[in-house]
Amino acid sequence: MNQFDSALHQGTPGVSVLDNRGHVIRELRYYRHPDTPQEIAERIAFHQYDSYGFISQSIDPRLAERRKQDSSVKPNLSYFTALSGEVLRTDGVDAGTIFSLNDIAARPAISISATGVSHTWQYEGENRPGRVLSRSEREKDREERIIERFYWAGSDASQKANNLAGQCLRHYNSAGLNQTLSIALTGTPISACFQPLLESAEPEWQGTNESAWLELLTPEIFTTYNRADANGETLVQTDAMGNIQRLAYDVAGFLKSSWLSLKGGQEQIIVKSLTYSAAGQKLQEEHGNGVLTTYSYEAETQRLIGIRTERPAGHLSGARVFQDLRYTYDPVGNVLRITNDAEATRFWRNQKVVPENTYIYDTLYQLVSANGREMANIPQQSSQLPTLSPIDNNAYTNYIRNYHYDSAGNLMQIRHTSAAANNSYTTNITVSKYSNRAVLSSLTDDVDKVEAFFDAAGRQNQLLPGQTLSWNARGELAKVTPVARDGQESDSETYRYDANSQRVSKMAIQQSNNNTQTRRVLYLAGLERRTIHQGNTLFETLLVVKIGEAGRAQVQAMHWELGQPTEVANDELRYSYDNLIGSSGLEVDGTGQLISQEEYYPYGGTAVWMARSQREASDKAYGYSGKERDATGLYYYGFRYYQPWAGRWLSADPAGTIDGLNLFRMVRNNPIVLHDPDGLAPGFFERISSFRKKDTLTISSLKGTGPFYTRSESEIDIDFLFSRQDRDKDFPPQNHKELSAEDRREVLEVSSGENITSANKSSKWYAGTHWETKPLKNNTDLVVLHNGVQGAAGININLNDIKPGRSVLVTAGTLTGCTMITGVKGNNFYALHAGTGTPSENWVTGEHGVTDNFRMLNKLIPDAGIDLNPEAVNDSLLTILDYFDNGTIAYNGKKGSEIHRDADNILNYRTTGYENTVGVSFSLLTKDKNGEVSASTLLELGELKPHKKHRTRGQFGMTELKYEARKNTVVKLR
């Protein structure tokens with residue numbers, strides 16, 4: 001069988017059926033398997049909407065078919081939506097029933113989880129910015145407790161001196177106490193500290209006596225220091241144990257080298273050099289151990305086609321190629337073959353074992369077959385790693401894996417065949433009749449009993465036979481009991497998380513021969529502290545310094561404060577080199593010697609496992625997809641845990657249907673190409689630095705990204721004047737920081753760049769997905785200027801007020817009938833957004849749109865001398881455009897009402913030839929470290945196409961649209 005057969009995909013389009021309101025009511029997919037190309041199955045997902053156009057329910061193809069015979073089968077999701085579009089109740093077969101209610105400012109007020117846990121938020125009162133003060137939690141049969149407290153800085157001299165005015169000073173949360181001590185002008189924290197909760201304590205921040213709360217905390221306080229440049233990039237980080245990381249960047253803002261100084265030691269180089277292509281892709285990186293990694297890309301598609309890691313000629317240990325991976329793709333980007341030219345072809349039991357993997361897909365791009373090599377003595381895949389083998393002393397055999405899925409995308413069977421090694425087996429997974437919940441058949445092979453292995457929120461309560469799982473009130477895995485003993489202490493592994501659901505500690509207890517061994521891990525900024533106790537005696541303390549910037553590689557320094565193993569050098573450096581999806585395949589030490597080598601099956605099992613010593617192998621914590629592997633065999637991704645032996649998540653997606661109706665499916669069943677960075681949604685792998693969120697922001701880098709909004713509002717650095725004019729009310733220009741929530745409601749959003757999103761909360765849809773996985777840095781202020789209520793809104797930013805190294809990004813969101821005008825006059829930037837009312841017969845700016853723009857400009861510039869009663873035609877807008885030194889207009893002009901000037905700085909987004917066109921206007925204002933200010937506007941014509949329904953962020957149901965840019969231009973304003 002050929003790996004890619006174009007005939008297989010003929011006649012298998014994806015079809016969306018729209019109703020007369022433009023809503024997708026059917027999604028048709030045509031399924032054909034490579035083994036049975038003559039058979040084709042039509043799979044239909046159904047969606048319904050209420051009379052107001054809000055989504056009311058969805059059902060996937062599998063449940064839709066079952067519902068025809070069994071009326072008790074429920075849709076995957078049902079929504080009850082308020083008139084405002086806010087989803088008040090979500091009923092899901094995977095994640096249960098969730099209630100949520102926002103306040104008048106669209107802030108979370110109350111939520112009730114599927115397990116009956118309620119959370120309540122409290123905010124500042126009137127005449128304050130409306131920031132959150134606390135979050136309370138109530139479990140069934142328990143008293144309500146406050147699990148989060150926020151204390152915000154005022155404006156006294158000491159706080160201003162540390163740039164803390166308006167910032168959160170102290171945050172008591174589920175992990176302990178986080179404090180911000182000082183912040184740079186760019187927004188980068190200069191010093192911050194963390195004080196963990198006692199192991200025996202629970203977060204209960206009742207009352208107002210902070211001294212009483214401190215009794216719940218450990219006496220240890222861990223403080224991290226940073227020094228940043230004018231662009232907000234970290235130059236030096238000193239971790240809580242005194243280890244220092246230093247970084248240097250090139251003129252484009254990319255990392256070029258980095259160094260590490262362990263506490264009390266000499267500085268050593270980690271990254272010698274990094275080179276990049278014009279597109280910003282890494283071409284070559286050389287590390288301090290002399291190992292060189294070279295990346296190659298396909299010219300036409302820019303897909304990664306080669307990763308070569310080697311000790312080059314002239315290295316003190318001699319030349320050696322560690323890996324030379326070559327990738328072959330089909331036309332849509334599925335990997336067909338991976339060849340490792342660094343490995344030799346071997347022979348075992350009369351079979352030829354080639355160092356390559358091949359893959360076959362169905363018409364839905366799900367992996368259905370994989371060929372590769374494995375260790376000849378490897379047992380059936382389980383939660384445990386296979387027996388370790390010495391390096392270069394392995395016999396290999398070929399394997400074939402076949403994967404079978406149901407029509408909802410549930411992986412139901414993994415059939416493993418290795419004939420030469422007599423190692424063939426089948427892993428079956430039992431899927432519930434009523435949901436996408438599923439467990440290994442070793443737990444049950446009865447589809448009617450699957451639901452009993454999950455709680456109401458879709459969290460699995462048993463891992464393997466006899467291994468129980470416990471979850472906390474916030475839906476986080478709290479405890480695994482791998483061995484339960486009657487009348488004796490059980491083995492266990494427990495976890496604790498911060499307010500962002502990120503793990504901050506892990507404790508594993510194991511009983512053996514009347515002795516208790518306790519292993520603890522504390523996760524700090526750039527550091528892990530691992531300890532081992534035998535009984536009450538501290539036996540070992542290992543500090544793992546995690547290098548934040550090292551190219552694509554992950555680098556760790558292993559420093560033993562106590563109990564250093566004799567076979568391992570103290571302060572050993574471990575460089576981990578990855579593959580296309582970020583899996584750690586090679587570990588090399590600081591002298592360029594190989595420590596370990598690991599190869600993986602699709603979906604994450606270990607096929608090859610070699611190391612030079614047992615102890616060094618046991619210290620390897622990160623493996624498949626670059627994620628941490630726990631003693632349970634689970635991989636920790638950040639928001640969820642993953643079962644590699646079942647190819648499934650342990651719990652329903654906390655982000656809802658961000659990746660489809662199946663909340664348990666792993667990376668769309670395409671694990672060779674796709675990588676999930678945090679357990680929420682898959683994408684293509686990109687190593688994210690712990691120091692930087694995104695490379696230097698430029699106006700050109702915004703092309704094709706799609707409209708943006710704010711996920712939640714927060715304080716920003718820049719001051720500016722804001723004015724709005726509604727149909728029945730005027731608001732005079734005022735500093736935006738002095739506005740009440742009512743003054744800015746539905747018109748102005750401000751936030752730091754980390755809170756950027758593609759989600760339009762008021763319209764209940766996602767304008768693409770770009771910003772969901774690519775947040776900006778916090779040295780960028782976001783300003784989203786909506787129109788007034790059948791009126792207009794405007795802002796005036798003094799460019800001199802932008803601080804060096806900071807940027808301001810201004811947008812109107814998605815323009816579907818409004819006008820956005822931007823311009824610079826002298827040292828001031830202006831943006832005017834005219835609203836939509838009842839459109840005129842001749843133009844689409846709004847009921848009084850042209851006049852509103854003129855009046856808004858006069859509000860912001862009283863001496864502008866602009867006529868307040870212009871002719872109501874779009875050509876009149878040229879008067880405003882010409883008033884500015886440089887400016888732009890994005891408008892929606894019907895045929896016959898266009899602006900009669902053909903210029904790059906004017907965009908009519910009502911262009912014929914495309915459907916569902918929208919306009920985008922991004923203005924980027926930047927001041928570099930030398931104090932030079934630049935201002936530019938990107939004008940873009942885009943299309944929003946029906947793509948998916950019911951993408952959700954938490955409990956809020958939303959529609960996902962696909963954004964495609966059709967044409968764009970950048971206009972320099974200054």
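The backbone N, Cα and C atoms fix where each Cβ goes, and this holds for glycine too.
According to Swiss-Prot:
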| type | residues | note |
| --- | --- | --- |
| REPEAT | 165-179 | repeat 'RHS 1' |
| REPEAT | 290-304 | repeat 'RHS 2' |
| REPEAT | 322-336 | repeat 'RHS 3' |
| REPEAT | 354-368 | repeat 'RHS 4' |
| REPEAT | 398-412 | repeat 'RHS 5' |
| REPEAT | 490-504 | repeat 'RHS 6' |
| REPEAT | 570-584 | repeat 'RHS 7' |
| REPEAT | 596-610 | repeat 'RHS 8' |
| REGION | 600-680 | region 'RHS-repeat associated core domain' |
| REPEAT | 630-644 | repeat 'RHS 9' |
| REGION | 699-940 | region 'Cytotoxic necrotising factor domain' |
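Long-range contacts of the repeat 'RHS 5' (398-412) within the same chain: residues 31, 41, 43, 60-63, 65, 351, 353, 364, 366-374, 418, 420, 423, 428-429, 431, 436, 438, 601-603, 607, 646-648, 660-662, 664-666, 668-669, each at least 6 residues beyond the stretch ends and with a Cβ under 8 Å from a Cβ of the stretch.
Residue counts of the repeat 'RHS 3' (322-336) by helix, strand and coil are 0 helix, 10 strand, 5 coil (DSSP-based). Helix, strand and coil counts under DSSP for the repeat 'RHS 8' (596-610) come to 3 helix, 10 strand, 2 coil. In the predicted model, the repeat 'RHS 2' (290-304) shows an average pLDDT of 93.
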